[in-house]
Amino acid sequence: MNISTWSTLVTPESCHRLAASGHSLLIVLHYNHSGRLASRGGSEDGGGLGMLRGPSVAAGCLVVLENAMVLAAIAIYMRSRRWVYYCLLNITLSDLLTGLAYVVNVLLSGTRTFQLSPVHWFLREGLLFMALAASTFSLLFTAGERFATMVRVAESGATKTSRVYGCIGLCWLLAAILGLLPLLGWNCVCAFPRCSSLLPLYSKGYVLFCVVVFALILVAILSLYGAIFRVVRANGQKSPRPPARRKSRRLLNTVLMILVAFVVCWGPLFGLLLADIFGSNVWAQEYLRGMDWILALAVFNSAINPLIYSFRSREVQRAVLAFLCCGCLWLGLRGPGDCLTRITEAHSGASTTDSSLRPRDSFRTSRSLSFRMREPLSSISSVRST
């Protein structure tokens, strides 16, 4: 008896028994009902991934390595403990976990999907949802703190630090709740009419809820940066000095980069999920062929975030260069003078004494490289935070 014939003979009572026992046949049943099983084209194709499995894992590993490098560089070589420092660490950590969750999701996809218990399936998908949510919540928190820094009166460092810690903890708590909601009961197990075609055990109501949450986050981020830009532009018009106008242009470029990155990376995924929610199963199956690319594009946003939020800061650039320099020294790939000279030359335009690295003769002593706090950590913040 094939899967299609067997699934038609399954009664609601037997389906609930499969769910209670945590049997993997429940996943097969849901995939067959959604049409995902018929569209996989056999088990030898890797469950729709096929030749994309290798590049997908490689892309996820690159996201992990990129964010791990930035995370280590900021944590080791930057002495600043202002609020932006914690925001950058939070964004980088969430993007690193997004890359890890994506790699785990790809490795457990394909034929391995039907070897998972329902709980493991919910954890596989929920971990990726949680990581993506943490990344977007972190971007929203950073935008909110930038705006609050500009409009609030000066406050004590202890008060600001406590609020930053609390908001970071809230970001991760909300992300964990959002990712675990299906495991906690918001799912469509044995309720096939309410099931998503793209994520066969997820309720369409939950998918719609996630789309609305992510869309509201995007609108809030763009609104906050738009307000920040208006404040900076107004200050620049009051001040005829060229640095103020350059700061306004730099902020505008950053806001445009954030907008383009969000629309390009998240727009296709939003469209796919909306088609799944409001379209028919046949319509959803037509878009299903591009699901792997669309999900990879959303994860790619975690590779772009360091370029927007971290590498645009000269202080972070110096930290990353110092981290790479010490790695070269440890591997013996180039002499300390050559390595450190390149870093010094990269920032020699600021000041002859602005070099934040001191040449050392060994890898051990190179770890004590120090940075001068000559400029704000964030290139798009108009005032120093206390």
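In case you wondered, yes, glycine gets a Cβ from its N, Cα and C as well.
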Quiz item: Membrane-wise, does Swiss-Prot list Tyr31 and Arg146 under the same topological domain?
Solution: no
Cβ neighbour count within 10 Å, max among the recorded positions Asn32, Cys325, goes to Cys325
Same-chain residues at least 6 beyond the ends of the transmembrane segment (291-311) with a Cβ under 8 Å from one of its Cβ atoms are 48-49, 52, 56, 59-60, 62-63, 66-67, 70, 74, 88, 91-92, 94-96, 98-99, 102, 132, 135, 139, 142, 198, 254, 257-258, 261-262, 264-266, 268-269, 272, 317, 320
CA pair Cys325 (S-palmitoyl cysteine) / Asn32 (N-linked glycosylation site), Å rounded to integer, equals 53
